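Trainee: My questions all concern the structure below.
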Amino acid sequence: MTVSPVALRRKTECKPHPTARYWKKCDVEALFGLPFLDLIYQAAEIHRQNFNPREIQLSTLLSIKTGGCPEDCAYCPQSAHHNTNLGKEQMMDVDEIVEKAKIAKSRGASRFCMGAAWRGPKPKDVETVSAIIKAVKGLGMETCGTFGMLEEGMAEDLKEAGLDYYNHNLDTDPDRYNDIIHTRRHEDRMDTLGKVRNAGLKVCCGGIVGMNETRAERAGLIASLANLDPQPESVPINRLVKVEGTPLDDAEDLDWTEFVRTIAVARITMPQSYVRLSAGRSNMPEAMQAMCFMAGANSIFYGDKLLTTGNPDEDGDRILMEKLNLYPLQFELEGEVAEVEKASGIKVDY
(Lines of atoms letter the chains of each structure in order from A and count residues from 1; the text may use other names and numbers.)
(Lines give C-alpha, C1' and ligand atoms only; values in the text may rest on other atoms or scores of the structure.)
Protein backbone atom coordinates (compact mmCIF):
# COMPACT_ATOMS: atom_id res chain seq x y z
CA MET A 1 0.00 0.00 0.00
CA THR A 2 1.31 3.44 -0.94
CA VAL A 3 1.52 5.97 1.88
CA SER A 4 0.78 9.54 0.83
CA PRO A 5 2.24 12.59 2.60
CA VAL A 6 -1.25 13.39 3.90
CA ALA A 7 -1.66 9.89 5.32
CA LEU A 8 1.57 10.33 7.24
CA ARG A 9 -0.27 12.73 9.52
CA ARG A 10 -1.97 10.36 11.93
CA LYS A 11 -5.75 10.63 11.99
CA THR A 12 -7.80 9.96 15.09
CA GLU A 13 -9.09 6.62 13.79
CA CYS A 14 -5.61 5.38 12.74
CA LYS A 15 -4.00 3.60 15.69
CA PRO A 16 -0.98 1.41 14.83
CA HIS A 17 -0.51 0.54 18.52
CA PRO A 18 -2.68 1.05 21.61
CA THR A 19 -0.88 4.17 22.80
CA ALA A 20 -1.29 5.99 19.48
CA ARG A 21 -3.46 9.09 19.35
CA TYR A 22 -3.81 12.26 17.39
CA TRP A 23 -2.01 15.03 19.25
CA LYS A 24 -3.51 18.48 19.03
CA LYS A 25 -0.99 21.27 19.34
CA CYS A 26 -2.86 22.71 22.33
CA ASP A 27 -2.72 19.34 24.13
CA VAL A 28 1.03 19.11 23.59
CA GLU A 29 1.43 22.67 24.83
CA ALA A 30 -0.51 21.67 27.95
CA LEU A 31 2.07 18.95 28.61
CA PHE A 32 4.83 21.56 28.36
CA GLY A 33 2.96 23.58 30.99
CA LEU A 34 2.89 20.85 33.63
CA PRO A 35 4.94 21.43 36.80
CA PHE A 36 8.50 20.50 35.89
CA LEU A 37 8.95 17.56 38.27
CA ASP A 38 5.47 16.19 37.51
CA LEU A 39 6.29 16.24 33.79
CA ILE A 40 9.60 14.44 34.31
CA TYR A 41 7.90 11.84 36.52
CA GLN A 42 5.24 11.10 33.90
CA ALA A 43 7.82 10.85 31.13
CA ALA A 44 10.04 8.56 33.22
CA GLU A 45 7.13 6.23 33.93
CA ILE A 46 6.25 5.96 30.24
CA HIS A 47 9.90 5.43 29.37
CA ARG A 48 10.19 2.52 31.82
CA GLN A 49 7.03 0.94 30.41
CA ASN A 50 8.64 0.74 26.97
CA PHE A 51 12.42 0.56 27.47
CA ASN A 52 15.12 -0.52 29.86
CA PRO A 53 16.01 2.92 31.30
CA ARG A 54 19.68 1.97 31.66
CA GLU A 55 20.22 1.17 27.99
CA ILE A 56 21.50 3.92 25.70
CA GLN A 57 21.69 3.44 21.94
CA LEU A 58 24.99 4.81 20.60
CA SER A 59 25.24 6.20 17.07
CA THR A 60 28.19 7.80 15.32
CA LEU A 61 27.58 10.52 12.71
CA LEU A 62 29.96 11.31 9.85
CA SER A 63 29.71 14.03 7.21
CA ILE A 64 30.71 12.23 4.01
CA LYS A 65 30.21 15.33 1.83
CA THR A 66 30.58 18.69 3.58
CA GLY A 67 29.60 22.25 2.66
CA GLY A 68 28.22 24.04 -0.37
CA CYS A 69 24.60 23.07 0.25
CA PRO A 70 22.14 25.06 -1.93
CA GLU A 71 19.53 25.14 0.87
CA ASP A 72 19.35 28.28 3.04
CA CYS A 73 18.49 26.75 6.45
CA ALA A 74 19.04 29.55 8.96
CA TYR A 75 20.70 27.22 11.48
CA CYS A 76 23.15 25.45 9.17
CA PRO A 77 26.83 26.35 8.67
CA GLN A 78 26.96 24.14 5.55
CA SER A 79 24.64 26.40 3.56
CA ALA A 80 26.22 28.13 0.57
CA HIS A 81 24.03 31.13 1.42
CA HIS A 82 25.90 31.85 4.68
CA ASN A 83 29.43 33.12 5.23
CA THR A 84 30.67 30.64 7.84
CA ASN A 85 34.16 29.99 6.45
CA LEU A 86 33.17 26.39 5.83
CA GLY A 87 34.39 25.43 2.38
CA LYS A 88 32.79 22.99 -0.02
CA GLU A 89 34.45 19.58 0.04
CA GLN A 90 34.27 16.58 -2.26
CA MET A 91 32.72 13.34 -1.07
CA MET A 92 35.01 11.27 1.11
CA ASP A 93 36.65 8.18 -0.33
CA VAL A 94 34.75 4.95 0.30
CA ASP A 95 37.69 3.28 2.03
CA GLU A 96 38.10 6.27 4.37
CA ILE A 97 34.41 6.13 5.32
CA VAL A 98 34.57 2.41 6.02
CA GLU A 99 37.63 2.93 8.19
CA LYS A 100 35.72 5.55 10.21
CA ALA A 101 32.89 3.06 10.63
CA LYS A 102 35.29 0.39 11.87
CA ILE A 103 36.63 2.80 14.48
CA ALA A 104 33.09 3.74 15.55
CA LYS A 105 32.15 0.09 16.01
CA SER A 106 35.33 -0.65 17.96
CA ARG A 107 34.35 2.13 20.38
CA GLY A 108 30.86 0.80 21.03
CA ALA A 109 28.62 2.43 18.40
CA SER A 110 25.90 0.17 17.00
CA ARG A 111 24.72 2.52 14.24
CA PHE A 112 26.74 4.47 11.69
CA CYS A 113 25.01 7.57 10.35
CA MET A 114 26.19 9.34 7.21
CA GLY A 115 25.23 12.83 6.07
CA ALA A 116 25.79 14.65 2.79
CA ALA A 117 25.22 18.37 2.18
CA TRP A 118 22.84 18.04 -0.75
CA ARG A 119 19.38 19.39 -1.48
CA GLY A 120 18.90 15.89 -2.76
CA PRO A 121 21.14 13.22 -4.31
CA LYS A 122 21.54 12.66 -8.03
CA PRO A 123 21.20 9.09 -9.38
CA LYS A 124 25.00 8.74 -9.51
CA ASP A 125 25.19 9.85 -5.86
CA VAL A 126 22.74 7.12 -4.89
CA GLU A 127 24.98 4.57 -6.61
CA THR A 128 27.98 5.84 -4.64
CA VAL A 129 26.28 5.89 -1.25
CA SER A 130 24.75 2.47 -1.94
CA ALA A 131 28.25 1.04 -2.26
CA ILE A 132 29.20 2.73 1.02
CA ILE A 133 26.10 1.38 2.77
CA LYS A 134 26.87 -2.17 1.65
CA ALA A 135 30.43 -1.87 2.96
CA VAL A 136 29.32 -0.53 6.36
CA LYS A 137 26.61 -3.17 6.66
CA GLY A 138 29.32 -5.73 6.08
CA LEU A 139 30.85 -4.63 9.39
CA GLY A 140 27.70 -5.72 11.23
CA MET A 141 26.47 -2.19 11.97
CA GLU A 142 23.11 -0.54 11.45
CA THR A 143 23.20 2.22 8.84
CA CYS A 144 21.45 5.58 8.65
CA GLY A 145 21.63 8.16 5.90
CA THR A 146 20.65 11.81 5.62
CA PHE A 147 20.97 12.82 1.99
CA GLY A 148 18.16 15.32 1.48
CA MET A 149 15.01 15.05 -0.60
CA LEU A 150 14.60 11.84 -2.58
CA GLU A 151 13.22 11.28 -6.07
CA GLU A 152 11.04 8.31 -6.99
CA GLY A 153 12.85 5.00 -6.66
CA MET A 154 15.80 6.32 -4.66
CA ALA A 155 14.52 5.12 -1.30
CA GLU A 156 14.04 1.64 -2.76
CA ASP A 157 17.62 1.67 -4.07
CA LEU A 158 18.94 2.67 -0.64
CA LYS A 159 16.83 -0.03 1.02
CA GLU A 160 18.18 -2.64 -1.39
CA ALA A 161 21.73 -1.55 -0.55
CA GLY A 162 21.03 -2.30 3.11
CA LEU A 163 20.14 1.09 4.58
CA ASP A 164 18.22 0.70 7.84
CA TYR A 165 17.21 4.28 8.71
CA TYR A 166 16.69 7.45 6.72
CA ASN A 167 17.00 10.74 8.59
CA HIS A 168 14.81 13.59 7.39
CA ASN A 169 14.00 16.13 10.09
CA LEU A 170 10.90 18.33 10.21
CA ASP A 171 13.14 21.02 11.73
CA THR A 172 10.52 23.24 13.41
CA ASP A 173 6.81 23.96 13.82
CA PRO A 174 5.15 23.73 10.38
CA ASP A 175 3.55 27.14 10.99
CA ARG A 176 6.96 28.85 11.11
CA TYR A 177 8.83 26.61 8.68
CA ASN A 178 9.27 29.35 6.08
CA ASP A 179 10.74 31.66 8.72
CA ILE A 180 13.69 29.27 9.02
CA ILE A 181 14.00 27.84 5.49
CA HIS A 182 12.99 29.47 2.20
CA THR A 183 14.38 27.02 -0.36
CA ARG A 184 11.98 24.17 0.47
CA ARG A 185 8.56 23.64 2.03
CA HIS A 186 7.34 21.56 4.94
CA GLU A 187 5.34 19.58 2.38
CA ASP A 188 8.59 18.66 0.59
CA ARG A 189 9.82 17.02 3.78
CA MET A 190 6.58 15.10 4.13
CA ASP A 191 6.85 13.90 0.54
CA THR A 192 10.29 12.38 1.12
CA LEU A 193 9.14 10.81 4.40
CA GLY A 194 6.33 9.16 2.45
CA LYS A 195 8.81 7.74 -0.06
CA VAL A 196 10.99 6.45 2.78
CA ARG A 197 8.09 4.67 4.49
CA ASN A 198 6.84 3.20 1.23
CA ALA A 199 10.28 1.69 0.64
CA GLY A 200 10.19 -0.05 4.02
CA LEU A 201 12.93 2.02 5.62
CA LYS A 202 12.84 3.03 9.27
CA VAL A 203 12.43 6.75 9.89
CA CYS A 204 14.71 9.01 11.91
CA CYS A 205 12.91 12.34 12.19
CA GLY A 206 13.24 15.14 14.72
CA GLY A 207 13.93 18.84 14.90
CA ILE A 208 15.81 21.74 16.45
CA VAL A 209 14.84 23.85 19.44
CA GLY A 210 16.36 27.12 20.57
CA MET A 211 15.73 28.96 17.27
CA ASN A 212 13.84 31.82 18.96
CA GLU A 213 10.63 29.81 18.81
CA THR A 214 7.90 30.10 21.42
CA ARG A 215 6.83 27.25 23.68
CA ALA A 216 3.69 26.91 21.54
CA GLU A 217 5.92 26.49 18.48
CA ARG A 218 7.98 23.84 20.26
CA ALA A 219 4.69 22.09 20.95
CA GLY A 220 3.87 22.38 17.25
CA LEU A 221 7.11 20.64 16.32
CA ILE A 222 6.50 17.77 18.75
CA ALA A 223 2.88 17.42 17.61
CA SER A 224 3.95 17.22 13.96
CA LEU A 225 6.42 14.45 14.83
CA ALA A 226 4.02 12.54 17.06
CA ASN A 227 1.31 12.63 14.39
CA LEU A 228 3.44 10.96 11.76
CA ASP A 229 1.90 7.58 10.99
CA PRO A 230 3.60 5.43 12.05
CA GLN A 231 5.65 7.41 14.51
CA PRO A 232 9.40 7.69 13.80
CA GLU A 233 11.54 4.88 15.19
CA SER A 234 14.17 7.47 16.09
CA VAL A 235 13.58 11.10 17.14
CA PRO A 236 16.68 13.32 17.36
CA ILE A 237 16.12 16.46 19.43
CA ASN A 238 18.76 19.08 18.63
CA ARG A 239 19.60 22.13 20.71
CA LEU A 240 20.69 24.92 18.38
CA VAL A 241 24.45 25.26 18.01
CA LYS A 242 24.99 28.91 17.15
CA VAL A 243 27.55 29.37 14.39
CA GLU A 244 28.90 32.79 13.42
CA GLY A 245 27.74 33.76 9.95
CA THR A 246 24.38 32.02 10.13
CA PRO A 247 21.17 34.04 10.57
CA LEU A 248 20.62 32.45 13.98
CA ASP A 249 24.06 33.10 15.43
CA ASP A 250 22.53 35.65 17.82
CA ALA A 251 19.54 33.55 18.88
CA GLU A 252 18.53 33.78 22.52
CA ASP A 253 19.76 30.85 24.60
CA LEU A 254 17.07 28.31 25.43
CA ASP A 255 16.72 27.73 29.16
CA TRP A 256 17.93 24.26 30.11
CA THR A 257 14.65 23.35 31.79
CA GLU A 258 12.79 24.08 28.57
CA PHE A 259 15.04 21.68 26.68
CA VAL A 260 14.46 18.96 29.27
CA ARG A 261 10.73 19.62 29.00
CA THR A 262 11.02 19.07 25.25
CA ILE A 263 12.66 15.68 25.81
CA ALA A 264 9.96 14.71 28.31
CA VAL A 265 7.11 15.74 26.03
CA ALA A 266 8.70 13.86 23.13
CA ARG A 267 8.84 10.74 25.31
CA ILE A 268 5.21 11.05 26.43
CA THR A 269 3.88 11.64 22.92
CA MET A 270 6.15 9.08 21.21
CA PRO A 271 6.46 6.33 23.84
CA GLN A 272 8.00 3.66 21.60
CA SER A 273 10.50 5.87 19.75
CA TYR A 274 14.17 6.23 20.57
CA VAL A 275 14.62 9.85 21.67
CA ARG A 276 18.13 11.02 20.89
CA LEU A 277 20.13 13.83 22.48
CA SER A 278 21.71 15.25 19.35
CA ALA A 279 23.41 18.55 18.50
CA GLY A 280 24.21 20.92 21.33
CA ARG A 281 25.16 18.27 23.86
CA SER A 282 28.74 19.54 24.15
CA ASN A 283 27.37 22.62 25.93
CA MET A 284 25.16 20.65 28.31
CA PRO A 285 26.38 20.10 31.89
CA GLU A 286 26.37 16.50 33.09
CA ALA A 287 23.44 17.16 35.42
CA MET A 288 21.36 18.47 32.52
CA GLN A 289 22.13 15.39 30.44
CA ALA A 290 21.21 13.20 33.40
CA MET A 291 17.84 14.96 33.63
CA CYS A 292 17.32 14.32 29.92
CA PHE A 293 17.99 10.60 30.40
CA MET A 294 15.57 10.59 33.33
CA ALA A 295 12.99 12.32 31.13
CA GLY A 296 13.21 9.61 28.49
CA ALA A 297 16.19 10.23 26.22
CA ASN A 298 17.79 6.89 25.37
CA SER A 299 20.13 7.55 22.48
CA ILE A 300 23.14 9.79 21.86
CA PHE A 301 25.63 10.53 19.14
CA TYR A 302 28.94 9.06 20.26
CA GLY A 303 32.13 10.67 18.96
CA ASP A 304 33.76 14.09 19.07
CA LYS A 305 32.03 15.60 16.02
CA LEU A 306 28.53 15.88 14.53
CA LEU A 307 28.79 16.74 10.83
CA THR A 308 30.57 20.09 11.39
CA THR A 309 29.87 20.92 15.05
CA GLY A 310 31.43 19.63 18.25
CA ASN A 311 30.24 16.81 20.48
CA PRO A 312 31.43 15.53 23.89
CA ASP A 313 34.54 13.39 23.56
CA GLU A 314 34.18 9.66 24.05
CA ASP A 315 36.12 9.63 27.32
CA GLY A 316 33.71 12.17 28.77
CA ASP A 317 30.73 10.12 27.67
CA ARG A 318 32.22 6.95 29.16
CA ILE A 319 32.71 8.69 32.49
CA LEU A 320 29.18 10.12 32.46
CA MET A 321 27.60 6.77 31.58
CA GLU A 322 29.54 5.07 34.36
CA LYS A 323 28.39 7.71 36.86
CA LEU A 324 24.77 7.16 35.81
CA ASN A 325 25.07 3.35 35.58
CA LEU A 326 24.08 3.42 31.91
CA TYR A 327 25.39 1.08 29.24
CA PRO A 328 25.28 0.73 25.43
CA LEU A 329 22.23 -1.00 23.99
CA GLN A 330 23.90 -3.12 21.33
CA PHE A 331 25.90 -5.56 23.37
CA GLU A 332 23.40 -6.05 26.15
CA LEU A 333 20.94 -7.32 23.55
CA GLU A 334 23.57 -9.85 22.52
CA GLY A 335 24.19 -10.77 26.15
CA GLU A 336 27.87 -9.97 25.83
CA VAL A 337 28.68 -8.06 29.01
CA ALA A 338 32.41 -8.45 28.49
CA GLU A 339 32.08 -6.94 25.02
CA VAL A 340 30.44 -3.84 26.47
CA GLU A 341 33.39 -3.17 28.69
CA LYS A 342 35.94 -4.04 26.01
CA ALA A 343 34.47 -1.95 23.19
CA SER A 344 33.11 1.06 25.03
CA GLY A 345 35.31 1.17 28.11
CA ILE A 346 32.15 1.41 30.21
CA LYS A 347 31.90 -0.91 33.21
CA VAL A 348 28.54 -2.68 33.28
CA ASP A 349 27.04 -3.30 36.71
CA TYR A 350 23.76 -5.26 36.66
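Please read every residue number as a count from 1 along the shown chain.
Each Cβ is built from the backbone N, Cα and C atoms, and glycine gets one as well.
Model, not experiment: these values are computed from the prediction.
According to Swiss-Prot, the record shows the following:
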type    : residues                       : note
DOMAIN  : 54-278                         : domain 'Radical SAM core'
BINDING : Cys69, Cys73, Cys76            : [4Fe-4S] cluster binding site
BINDING : Cys113, Cys144, Cys204, Arg276 : [2Fe-2S] cluster binding site
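Map these features onto the structure and tell me what's around them.
Mentor: Around Cys73 ([4Fe-4S] cluster binding site), the same-chain residues at least 6 positions away in sequence with a Cβ under 8 Å from its Cβ are Ser79, Asp171, Ile180, Ile181.
Long-range Cβ neighbours of Cys204 ([2Fe-2S] cluster binding site) (same chain, at least 6 residues apart, Cβ-Cβ under 8 Å): Cys113, Cys144, Thr146, Tyr165, Tyr166, Asn167, His168, Pro232, Glu233, Ser234, Val235, Pro236.
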Trainee: Suppose the [2Fe-2S] cluster site is Cys113, Cys144, Cys204, Arg276. Which further residues of the same chain have a Cβ inside 8 angstroms of that site's Cβ centroid?
Mentor: Ser59, Leu61, Arg111, Thr146, Tyr165, Asn167, Ser234, Pro236
Trainee: With an 8 Å cut-off on Cβ distance to the Cys69, Cys73, Cys76 Cβ center, who else from the chain surrounds the [4Fe-4S] cluster site?
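Mentor: Residues close to the [4Fe-4S] cluster site, other than Cys69, Cys73, Cys76: Glu71, Asp72, Tyr75, Pro77, Gln78, Ser79, His81, His82, Ala117.
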Trainee: Taking the Cβ of Cys69 ([4Fe-4S] cluster binding site) as centre, how many other Cβ atoms lie within 10 Å?
Mentor: 23
Trainee: Within 10 angstroms of the C-beta of Arg276 ([2Fe-2S] cluster binding site), what count of other C-beta atoms is obtained when all protein chains are considered?
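Mentor: Summing over all protein chains shown, Arg276 ([2Fe-2S] cluster binding site) has 23 other Cβ atoms within 10 Å.
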Trainee: I want to verify one value. Collapsing DSSP to three states, which class is Cys204 ([2Fe-2S] cluster binding site)?
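Mentor: Reduced to three states, the DSSP call for Cys204 ([2Fe-2S] cluster binding site) is strand.
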